[in-house]
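Database features (TrEMBL):
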BINDING   B:G45, B:V46, B:G47, B:K48, B:S49, B:S50, B:H159, B:E213, B:N214  GTP binding site
BINDING   B:S49, B:Q67  Mg(2+) binding site
DOMAIN    B:33-263  domain 'AIG1-type G'
Amino acid sequence: MEWDSAIPCCHSRQAARIAGKTKGEEKGQVDNPCNGQGGVGKSSTVNSIIGERVVTTSAFQSEAPRPTMVSRERSGFTLNIIDTPGFVEAGYINDQALEIIKRFLLNKTIDVLLYVDRLDAYRVDTLDLQVVKAITKSFGQEIWRRAIVVFTHAQLSPPDCLTYDEFLAKRSESLLKVVHNGARFKKQDIQNISIPVGLVENSGRCKKNENDEKILPNGTAWIPSIVETITKVALAETKGIVVDQKLIDGPDPNDKWKLFIPLILAFQVFFVAQPILRAIKNDVDKEVKPSWA
Amino acid sequence: MATAREWVGIQKFPLATQTALLEILGTLKEKEMDSLTVLVMGKGGVGKSSTVNSIIGERAVAVSTFQSDVPRPVMVSRERSGFTLNIIDTPGIVEGGYINDQALELIKRFLLNKTIDVLLYVDRLDSYRVDNLDKQIVKVITESFGKEIWRKGVVVLTHAQLTPPDCLSYEDFFARRSDAILKVIDSGAGAGVGAPFRKREVLGHAIPVALVENSTRCNKNDGEEKILPNGTSWIPSIVKTIAEVATNESKSILVDQKLIDGPNANERGKMFIPLILAFQYFFVVKRVQSWIKDDIAKAPKSSWE
């Protein structure tokens with residue numbers, strides 16, 4: 001489908017430039033699934049980036065229970081964004097939602113993961129850790145090399161005695177700590193991994209600059225900014241994550257330590273079974289035979 | 001209980017707010033209430049401590065944006081013209097997706113032998129979802145203090161100076177959010193202990209809802225009072241609601257050991273024990289004994305007896 005130019009002209013030119021850069025590197029598609037808790041603004045973000053109301057959003061109810069893929073094409077470049085249901089509802093990981101997402105992604109390649117949360121949430125807790133762990137378990141640790149943390153409600157007035165940048169820094173830091181923890185990165189890897197942070201303000205009341213672009217409190221136009229971050233991550237050296245059956249099923253516990261089975265068997269035969277058999281034979285020989293045997 | 005300090009914070013409020021507050025205190029004293037105990041409960045990070053500070057008018061409780069700051073309940077007492085206001089700030093009973101049982105125990109022990117006149121159930125106005133976790137919180141509060149506490153309840157929504165999402169007016173958003181929370185209270189409080197034989201009373205929707213904006217960026221009117229988007233000055237408004245609930249017909253909740261321990265499972269149906277015992281003796285034991293006797297009588301005697 002054509003990528004509609006409901007986006008203001010500046011933004012779409014920028015997007016086309018990015019698309020051109022990407023095309024030069026021979027990547028035809030970019031797939032981005034958005035993951036996170038319910039009610040954080042995933043569907044609204046997808047709608048904003050695409051520039052049309054492609055996914056239904058509702059302030060008060062959970063969104064559609066299944067993932068949807070939105071594809072838009074422009075100058076030979078296809079952008080596929082996969083919007084997913086929040087798989088945390090009511091304090092628990094919704095395993096069913098996670099299964100549906102995994103099945104939907106079978107045989108697709110994920111170029112970028114958008115991990116969406118609200119900027120104006122003040123606490124980071126074990127629930128966030130569980131979400132990160134669930135994502136890591138489902139798609140492997142490598143997916144975090146292709147991840148962007150997206151904060152919605154970016155047009156926020158920070159609480160008293162914190163500037164916007166200070167608040168943003170602390171919020172990012174807490175969430176990234178959780179990601180490092182949940183994805184089980186070893187200490188030396190953490191240095192190499194820097195997960196970029198994207199800011200998003202989906203409300204119609206978002207402030208605009210003279211070119212009618214939606215801007216963040218620091219003046220940046222956020223739609224091109226996030227598309228650029230997405231592109232940068234997509235062009236990274238690490239490979240995109242191919243979601244194959246093996247990945248979905250997860251590591252097979254039956255495969256673990258399979259090599260040792262013959263060794264253990266040999267050990268048991270030679271060092272355990274044989275001595276016992278010999279000892280039994282000795283006992284039988286040494287036995288005092290009664291007169292009537 | 002520590003002696004109450006002088007409510008100096010009141011003098012820091014703008015004149016209009018001060019006047020309104022003193023008037024409310026006056027009406028309370030007319031109704032022969034010279035003290036009021038308010039319990040503030042809710043999830044972590046919603047603005048309980050900030051609300052307490054705003055009402056008291058000073059930084060009485062420590063507030064920190066990113067950490068849960070109140071490890072134990074704190075009672076703030078202030079006295080003014082013979083009237084004492086006690087506000088009990090509590091740790092969030094939900095941290096990280098689970099009910100924090102330890103915090104709950106601390107709260108219950110802190111409240112032993114205190115009387116709760118008003119319960120402030122605090123949540124954010126700008127959250128969009130209400131889920132099972134909220135229901136669990138309501139259930140836990142109901143189990144700990146009894147269903148009656150909700151007759152003394154006020155729902156407090158913080159971050160009230162919000163721009164609603166597109167295509168919803170502020171009033172619509174507020175109405176829907178309140179409705180969602182009140183529905184949760186209905187189901188959580190109604191499904192209390194021993195409910196099956198009683199009809200479900202609709203407690204939830206009689207509970208008043210108050211709006212609060214604790215940030216210093218809160219809009220102000222000409223009198224320098226902090227106001228909500230609809231123009232009301234919210235500090236006198238919430239204190240008035242608290243006063244109204246405190247003086248309503250329902251009794252205040254005395255937190256005694258019995259309430260904390262909860263219904264004793266051993267007490268249930270205790271009356272039936274002697275009846276069942278009597279039944280067993282007369283209709284079961286006696287009968288079996290007579291059958292055994294009959295069997296012995298009927299048994300043929302062997303030759304060697």
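Just so you know, glycine gets a Cβ as well, placed from its N, Cα and C.
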Cβ under 8 Å from chain A, restricted to the binding-site residues B:G45, B:G47, B:S49, picks out B:G45
Span of the recorded GTP site, as the biggest CA-CA distance among B:G45, B:V46, B:G47, B:K48, B:S49, B:S50, B:H159, B:E213, B:N214 in Å, is 14
The number of other Cβ atoms within 10 Å of the Cβ of B:Q67 (Mg(2+) binding site), counted over all protein chains shown, is 10
Keeping only the binding-site residues of B:G45, B:G47, B:S49, B:H159, B:N214 whose C-alpha lies within 10 A of that of B:Q67 (Mg(2+) binding site) yields B:G45
Excluding its own, the Cβ atoms lying within 10 Å of the Cβ of B:H159 (GTP binding site) add up to 21
Most Cβ neighbours within 10 Å, among the binding-site residues B:G45, B:G47, goes to B:G47
The predicted model's mean pLDDT over the domain 'AIG1-type G' (B:33-263) is 84
Among the binding-site residues B:S49, B:N214, the one whose Cβ has the most other Cβ atoms within 10 Å is B:S49
Three-class DSSP assignment, B:Q67 (Mg(2+) binding site), comes back as coil
